[in-house]
Amino acid sequence: MLIGKRLNDRYKLLKMIGGGGMANVYLAHDDILGRDVAVKILRLDYSNNEEFIKRFHREAQSVTTLSHPNIVNMYDVGEEDGIYYLVMEYVPGQTLKQYIIERGMLPIGEALDIMEQLTSAMAHAHHFEIVHRDIKPHNILIRADGVIKVTDFGIATATSATTITHTNSVLGSVHYLSPEQARGGIANKQSDIYSLGIVMFELLTGRQPFSGESAVAIALKHLQSEIPSPKRWNENIPQSVENIILKATAKDPFHRYQSANAMKRDIETALYPERINEQPFYIPEDMEATKAIPIIQQEQLFENVTDETIVLKGSKVDEQIRKEETDLSKKKKRSNKWLKILITTFLLLAIGITLALTVIPGFFIPKDVKVPDVAGMKYTTAVNTLVEKGFEVTEPNIVYTDDVETGDVIKTDPVAGRVVKENSKITIYQSGGKKKSKMIDFTGKDLESIRTELEEKYKQVTVYYIEDDRPKGAIVEQIPTSDQMVVEAEQELKIWVSKGPYQIRPGDFSRWTENSVTGYLNERKLTPDIKREYSDTVDKGLVISQSPKPGTPLKEGDKVTIIISEGPKPKVTKTVKVDNISIPYESSIIGEKKPQTIEIYKEDMQQKMDRPIETRTISESATISLEFVIQEDTKGRYKIVRDGVTIIDKEVPYPTQ
């Protein structure tokens with residue numbers, strides 16, 4: 001259990017605030033500078049893994065090179081008792097991923113502001129030839145004031161180094177992985193730009209562009225499928241903004257932005273009036289052919305190198321000479337063999353007797369040694385001093401006292417100055433500081449009811465508010481915990497207080513598709529309640545309204561009512577017959593009946609007034625009947641024209657009964 005441990009006698013670990021595959025992150029307090037810091041500790045099961053230790057050190061080297069307001073600062077790096085740790089800036093807030101889950105798709109202005117900060121940070125890293133290789137919302141922190149910080153350079157690498165993944169393994173998170181990384185190839189600055197484009201897509205739509213049943217399925221989509229248009233989920237995205245995403249996520253790195261600064265400049269001007277409706281980004285057809293990028297195998301890097309040792313063969317003459325010399329030497333050695341054995345045996349016996357009588361007893365009789373005075377020393381210094389003198393140091397006895405500083409040595413047993421045998425056991429009495437009492441458990445209590453008591457009892461009380469299922473105002477967690485011994489008057493108390501259950505604030509779903517909104521709600525464990533209504537203004541299948549309204553705080557399991565448009569309401573039509581329409585004949589000369597031309601016009605659901613439905617001639621008055629197909633809330637109409645003069649023009653109302 002690392003909570004409560006001090007690293008380097010300086011960084012006190014307070015609580016775990018995050019974790020990943022290779023390391024855990026703790027909130028800690030820097031006792032020297034009096035500030036909170038984040039301490040990233042390599043998991044103990046990897047502390048003997050050389051590859052993970054190298055990666056851990058690589059993160060420290062990467063970040064210490066950088067100094068940028070949107071990159072987490074690195075303060076210190078160290079190793080203690082097999083614990084490898086990095087000390088970094090503590091950023092209060094949440095990850096960008098948590099922010100997106102809570103808020104959904106972000107307003108365009110806010111999303112562009114975040115992307116400006118992100119591209120600025122990556123441009124700075126790229127300037128120092130550092131490629132992050134794992135850009136994703138999970139590795140980006142956002143403060144309450146909207147400032148973002150890029151973190152987790154654990155798999156970052158210098159572009160001058162070989163960046164080919166060994167044994168075709170893939171580094172990075174599959175939803176944000178560039179095609180070249182998915183192939184197991186080289187990761188470069190354009191790989192980070194691709195990941196930035198995916199993050200921008202998620203900010204503006206509330207979702208990732210690709211999903212699948214497995215990591216392999218998603219990686220294949222990055223390799224083979226074009227990024228879908230973000231307008232499919234957010235029709236308010238201007239063309240200039242969509243173009244940035246499409247260019248950043250081009251399959252071929254050659255077609256992407258060539259630098260993070262170039263992408264940043266496009267983001268800064270994306271909402272200029274002259275750019276809003278610019279032409280869609282596309283890759284010329286002659287450049288769209290798929291090019292297979294081979295994986296660079298490790299053995300290819302060394303194919304011209306050989307480790308064989310070459311032995312040059314001698315001549316047959318030389319071999320014969322060596323053979324004769326060897327035979328002669330063997331004959332001489334046999335003659336002297338027994339004489340040498342006798343002399344050697346005698347000498348060994350003489351030496352053994354001498355050692356047994358003089359030297360060897362000194363090895364087994366311990367020397368007398370005076371116990372040194374280590375009182376007032378730091379514990380580790382005292383241990384080293386005693387070990388150097390040949391003593392064995394046992395576990396320390398902790399003594400609480402106001403007279404000796406915490407951690408310093410009070411005395412030893414045997415006492416200083418006493419003469420004892422070498423290798424004797426020495427017990428150190430170490431100061432535990434002032435008398436301590438067991439920490440009180442405040443969890444579950446209401447903060448306001450005990451705030452005055454806490455402020456009087458402890459040196460300092462720091463309160464953090466978090467979302468929790470426990471009642472608002474209840475203390476959820478505390479540091480120190482109730483199993484620790486503390487000096488109350490000198491103790492700083494940190495408490496975490498519930499501000500109510502975890503809340504989700506859905507965005508505005510207006511004109512979302514039914515599938516998109518149900519997917520969004522299900523992902524956040526909200527219950528969609530779908531209802532349907534006719535609408536003259538919203539296309540069929542799109543969201544008309546929602547309840548509760550956008551931005552309302554909700555908790556998991558809450559119901560959200562969504563009204564989906566059925567399109568315009570169909571209107572009823574009826575057939576109306578008008579009988580006995582009289583067409584009068586009018587002669588200008590008495591007694592003479594000259595034929596007159598009659599044109600009959602009709603307007604209803606099936607006919608317009610732009611041409612006559614019938615033309616006839618009459619020599620006397622006539623009567624006709626007309627049928628009209630009339631829709632609810634509309635009218636029919638007919639017109640009679642005689643010799644070019646309109647003589648009848650009437651409306652036919654929709655029957656109310």
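Think of each number as a place in line: the chain as shown, counted from 1.
In case you wondered, yes, glycine gets a Cβ from its N, Cα and C as well.
As written in Swiss-Prot, here are the features:
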ACT_SITE  ASP134  active site, proton acceptor
BINDING   ILE17, GLY18, GLY19, GLY20, GLY21, MET22, ALA23, ASN24, VAL25, LYS40  ATP binding site
DOMAIN    11-282  domain 'Protein kinase'
DOMAIN    365-432  domain 'PASTA 1'
MOD_RES   SER214  phosphoserine
SITE      LYS40  site 'Required for activity'
TOPO_DOM  1-345  topological domain 'Cytoplasmic'
TOPO_DOM  367-657  topological domain 'Extracellular'
TRANSMEM  346-366  transmembrane segment
Say we define neighbours as other CB atoms within 10 Å of the CB. Which of the recorded positions ILE17, GLY19, LYS40, ASP134, SER214 has the fewest?
SER214
Roughly how many Å separate the Cα of ASP134 (active site, proton acceptor) from that of LYS40 (site 'Required for activity'), to the nearest whole number?
17
So among the binding-site residues ALA23, VAL25, who's got the most Cβ atoms within 10 Å?
ALA23
How many Å lie between the Cα of GLY19 (ATP binding site) and the Cα of LYS40 (site 'Required for activity')?
9
What's the CA-CA gap between ILE17 (ATP binding site) and LYS40 (site 'Required for activity') in angstrom, rounded?
10
When DSSP is mapped onto helix/strand/coil, what comes out for the residue listed as 'phosphoserine'?
coil
